[in-house]
């Protein structure tokens, strides 16, 4: 059976300001980059066969 894992992108300056990002291509801030690095081992432990991401920078940086 297949399993779907949903993973939210790390923090951006828009998140901090309470702004809606939508399709605005906002990068992760320093905290968001640290969150992505910290989450990587947990995601790797799930042994995903494939990672699919939005083309937006914040999602790509989190998925990397």
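Cβ coordinates are placed from backbone N, Cα and C, and glycine is handled just like the others.
Per TrEMBL, these features apply:
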- 8, 9, 10, 11, 12, 13, 14, 15, 58: substrate binding site (BINDING)
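Under the DSSP three-state reduction, residue 12 (substrate binding site) is assigned to strand. Sorted by the number of other CB atoms within 10 A, the binding-site residues 8, 58 start with 8, the lowest. Counting other Cβ atoms within 10 Å of each Cβ, the lowest count among the binding-site residues 10, 14 belongs to 14. A C-beta separation below 8 Å, combined with a sequence spacing of at least six in one chain, links residue 12 (substrate binding site) to 21, 26, 27, 28, 29, 32, 58.
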